[in-house]
Every structure is written in structure tokens, then in C-alpha cells.
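Trainee: What follows is a single structure, and I will ask about it in a moment.
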């Protein structure tokens, strides 16, 4: 389902800056949303307090923080990017999910440990996002849930026993991660078995498993199965990596303009799907280099004279699709992006939305059963709709670098994961 703008509502239009030459810039990117929200969940369920450093402040992370506070967790802001989290007895409350998949899918299992009912709701678009898999899984674990989509109420009564749960997570890896994060608190732990089609975004599940192990939890993995043993989640200090997916539009600026972009503090070892942008840009003709800087590394990308298209299975890195699709629309040869049928259930139907917006600007994008075929075409200006989707908005900004008179509707939807994106972007373009 694609959400289009209501003609009765006037959304602000942002004139995407056009690059007049190669862009050269050195940038620091805020912390990872995915890691921040996982750290908040683990800190809330831990046996002792935790400190989270380099927290991302965005709509999604603020919704997670507010949701945990509504359940009785004390979260103290020691600095703008540093939180102290003190766990305690979870209480009845109300959670506003917005459009945050991590909130609507990670917090319902947490709510199973509250001493009363927990009500969930979100933005209108959130009410059609897939939720049945995780809610049915909670029911099979003995948790009462009164609906299959937002709004719904979770009411456990007493600490659930846990056990084996079968789940079809082919629509989103967040269904698996949501169960795994809370699994140690169930009396007998939880065994999660994925029984559906191909599981997307495996790096996000690997991120969840890695963070659980870092908090002292024992997990056994096999193909499409995770056995989480019951135990205390240890309080600790979490340091959040830069959000590599949010870095990709800026690296795309180098690719599009033949410039050089350097992203500070790029992690050498990471479970973030955004790290795949390095190999993608190399295949599209860019020079990509990790440059030693102090105790860490910066990532430097220099764009080519002519950007090449790419054929790639993006099933594990679906969140990069809007960035790669924007690059493909500006490339000199054909691109085929596959393995991303699950994007139809994201903030919007991203495949339909990308197809509509690229073609509206004169592009040649065809929606496939599980992806996109994008052929070279001469683009022109026009309004690029964001569909209240942060990554759709940044895709429009990328195209605007190379095409005159591109206007992005509701650029501030990027505040979901990157508040102030448009200011950083304009400063980069100069």
C-alpha cells in the first residue's frame, strides 16, 4: 500500500540543492538508530543500570525512550547524546509507535513483563504495517493480545513461561529481533524458529545476537533457529556506532558528482547493513578507501566520471534500496535490484513509491516481482514525494544533486532517523 499526499494538506516543499561541480566534504554522522534502540531495550531489561554513549536523537529513538519511560523505566539524559538507564518493574502504560518499526515490534515482547495492560498505537501508516507474525508469536507464548495490527493491547498477567515459537519473519527480520531481545526474561527462555520464505535483513538479526551476547546472554544459532537461554541481562556501557545507512546518501553525493566524501569514524567490524555500501559503490565505479585516522578509520569515497549500473541481490540490505535506486536512476547503464519484495511492507511500499517518483522525473524504472529494473534515462525536475518515508526523502535529495529543479516534499520526515539532515546536506553542497 502506497500512501500519497492528501491534497487537502499542504506539506512543505524543499528545493533540493543542485551540485555545480564535484562535492568535497568531511562529515561526522550521528549514531545508529538500530543499535541505539536495541541498546535501550537491553538496558531496560537488564539487572543493573546501563550507560549509553553517542545516542542517536531522532524521532524513532525518542519514541523508544518515551515508550520505555511510559512502562516505568528511568532514563536520565546526562548529556544530549548520553543516557543513564535504570531498570525496574515494568508497569502498565501506553506506547506511541509513530512509524518506528523497532518500537512497534520490539516493545510488545517487553510489555509481556509489565504488571498491567500496555496499549500500543501509531501513525496512520503504521496501522497497515505487518504485525501479525510477532503478535501471534506472543500469543503462542501465553501473552494476551487483542488485535492483529495497531492499535492493540498487550496483557500478560504474570511472567510468561517461554518455550518454542514458530514465526514467519519473511516480511521483516524485526519480528525475530523483537522476540530475541526479550527472550532471556522468559522463565524458560525462548526458541525462535523461522518457518516462512527467505528471511530478509540478516545483518540486523546478527546485530541483535551480537548485542545480546555482549550483555551476557547465551544463544545457540542454527539455520533459521535461535535458542535463547534464560538469564540476567547485564547492565553495561554501550557506545553507539555512526549510522552507516544514514551515511549512504552523503557517500552517494561523491558518486553522483565525481567528488570526494569522507565519513569519520567508520567501524572496521560491524553488523550494520550500511557497511555494504562500500562494495556497492566500488562496483558502480567509485574509488573506496578506509583511511587510518587516530585510533580508528575514516571512509573515503571518490566518484567516477560516469556512474555504472549494478545488478545486486539486496535481500540482506534492503534499507539501502532508496539510495541505490537513486544512484541507478543517474547511472549510465542498466541496474537490477532484487530480493527486496519485503520493502512493500516498510514505511511505505518502497518499490511502488520509487518506481512512481523516478518515472515522474522522466526515469525508466520498472517494478519487478521482488525488486526494480532501472534503465538509463534523461531526468528532469519536478516534485519528489516522500510518502512520510525518511529514505524516500533522501533519495530525492540525491537525484536533486544531478538534476535541476527537483523539489522534495516534506524533507523533515528525515527526522525519523537524522534530525537536521537538510541542513547538513545544504552545507555539504555549498
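The backbone N, Cα and C atoms fix where each Cβ goes, glycine too.
Keep in mind that this is a model prediction, so the values were computed, not measured.
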Trainee: Out of 10, 140, 201, 300, which one does Swiss-Prot list together with 33, 34, 38, 172, 173, 174, 319, 346 for 3-phosphoshikimate?
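Mentor: Site partner of 33, 34, 38, 172, 173, 174, 319, 346 for 3-phosphoshikimate, according to Swiss-Prot: 201.
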Trainee: What residue among the binding-site residues 33, 38, 129, 346, 391 has the most other CB atoms lying within 10 A of its CB?
Mentor: 391
Trainee: At the level of the C-alpha atoms, what whole-angstrom distance separates residue 346 (3-phosphoshikimate binding site) and residue 129 (phosphoenolpyruvate binding site)?
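Mentor: Here the two Cα atoms are 7 Å apart.
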Trainee: Are there recorded positions among 173, 201, 319 that sit within 10 Å of residue 129 (phosphoenolpyruvate binding site), Cα to Cα? If so, list them; otherwise say none.
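Mentor: Checking Cα-Cα distances against residue 129 (phosphoenolpyruvate binding site), none of the recorded positions falls within 10 Å.
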Trainee: Just jot down the residues in the same chain as residue 319 (active site, proton acceptor), at least 6 apart in sequence, with C-beta under 8 A of its C-beta; none if empty.
Mentor: 201, 245, 273, 274, 391
Trainee: Would you work out the biggest C-alpha to C-alpha distance among 33, 34, 38, 172, 173, 174, 201, 319, 346, the residues that bind 3-phosphoshikimate according to the record, and give it in angstrom as a whole number?
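Mentor: Between the most distant Cα atoms of the 3-phosphoshikimate site, 19 Å.
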Trainee: I'd like the number of other C-beta atoms within 10 A of the C-beta of residue 201 (3-phosphoshikimate binding site), please.
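Mentor: Counting Cβ neighbours of residue 201 (3-phosphoshikimate binding site) within 10 Å gives 24.
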